[in-house]
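Q: Pasting a structure here, questions to come.
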Amino acid sequence: MEQTTLLRLAGAGLTALAGALALGPVVIPLMRRLRAGQTIRAEMSARHQAKAGTPTMGGVIFIIPAILATLIFAPRSGDALPRLIIALVLTVGHGLVGFADDYIKVVLKRSLGLRARDKLLAQVGLAAVLGYGAVEVLGLGTAVTLPVLNLTLELGRPLYYLLVLIMVWGTASAVNFADGLDGLLGGLSVITFSFYGLVVALALGQTDMAVLGTALVGGVLGFLHYNRHPARIFMGDVGSFALGGALAALAVLTKTEFLLVIVGAVYVIEVISVILQVLSFRLTGRRIFKMAPLHHHFELLGWSEGQVLRLFWGAGLLFTLLGWLVLPGMLAGR
């Protein structure tokens, strides 16, 4: 790794970390004054009921420093500038969608939040930016590589744009479902973005994407200081949606679309548990899990939050290591 690249990554990570640590004491009292407290579902465990009223919308604590750090330290020459713009549009755009959803729910006290139709329309627009930018602006093409098999498939524009839409919507939803315990999504995000920033992006020579990934890692680490158990603030949809948008952008812009299924397998499992729970109840009247997403099932089995965190973080690390093992084969096939 070149010294300049190392300095960029260190600068971005440390700047975002310091910024998040500095913003916490400002944002937490502000959210309390706005009465932006989290509501807790009635079927949750007694431990969760005690968290009712904890400030939410804390994602701004890491999003703002991470974006600023990226703008300061990311290179802008060649394809880096349009690639960076696309990734930041996906990150900030999803953050704004999540912010609107949070604001309507917790500040305006309208429990349904942003209408599903409006949320989907916004994500369709963001997916269009990502798909068009990747194919037409950056010329990345419409072929995808299947990990493990290392097969390259040419999808063509219509199918590829559909894939990007599914990735954007699915990744944001799956990451959002994983945000249910103190520190859970934060820890998983540190693992995932470390891999995409320090392994995938650097392997492809995309220093700009590496800076974005590292800045998000630094920002989330700073946020975890306030989100660790017992959490003083939750990231809310503003945080989880921004992370989901950034993750989808990194996967598409590095042309590792299907590798995300492996590296982000914990997110996939979480959303599948919700789908299975809903289908089972509608078709049979019975629930497969005590509660979905899956992390709540373990809680209701009597596991402590620490035990659930260790299981999910450990699984996230193992799936990321698996992704690391199959990455060279994918890159060799290009």
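Each residue, glycine too, has its Cβ placed from N, Cα and C.
As listed in Swiss-Prot for this protein:
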type: TRANSMEM; residues: 11-31; note: transmembrane segment
type: TRANSMEM; residues: 55-75; note: transmembrane segment
type: TRANSMEM; residues: 84-104; note: transmembrane segment
type: TRANSMEM; residues: 124-144; note: transmembrane segment
type: TRANSMEM; residues: 158-178; note: transmembrane segment
type: TRANSMEM; residues: 184-204; note: transmembrane segment
type: TRANSMEM; residues: 205-225; note: transmembrane segment
type: TRANSMEM; residues: 233-253; note: transmembrane segment
type: TRANSMEM; residues: 258-278; note: transmembrane segment
type: TRANSMEM; residues: 311-331; note: transmembrane segment
Q: Restricting to CB pairs under 8 Å, which listed stretch, 205-225, 258-278, 311-331, is in contact most with the transmembrane segment (158-178)?
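A: Per the Cβ count, the answer is 258-278.
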Q: Where among 55-75, 84-104, 184-204, 205-225, 311-331 do we find the most Cβ pairs under 8 Å to the transmembrane segment (233-253)?
A: 84-104
Q: Determine which recorded stretch among 55-75, 258-278, 311-331 has the most C-beta pairs below 8 angstroms with the transmembrane segment (184-204).
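A: Answer, by Cβ pair count: 311-331.
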Q: Can you work out which residues elsewhere in the same chain, 6+ from the ends of the transmembrane segment (205-225), have a Cβ less than 8 Å from its Cβ atoms?
A: 5, 8-9, 12-21, 24, 58-59, 61-63, 65-67, 69-70, 73-76, 80-81, 83-84, 87-88, 91, 183, 186-187, 189-190, 193-194, 196-198, 235, 239, 243, 246, 250, 253-254
Q: With CB pairs under 8 Å as the measure, which of the listed stretches 55-75, 84-104, 124-144, 258-278 comes out on top against the transmembrane segment (311-331)?
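A: By the under-8 Å Cβ criterion, the transmembrane segment (311-331) pairs most with 258-278.
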Q: Which residues of the same chain, at least 6 past either end of the transmembrane segment (55-75), have a Cβ under 8 Å from a Cβ in it?
A: 8-9, 11-13, 15-20, 22-24, 27-28, 31-32, 36-38, 84, 88, 91-92, 95, 98-99, 102-103, 106, 207-208, 211-212, 215-216, 218-220, 222-223, 226-227, 232-243
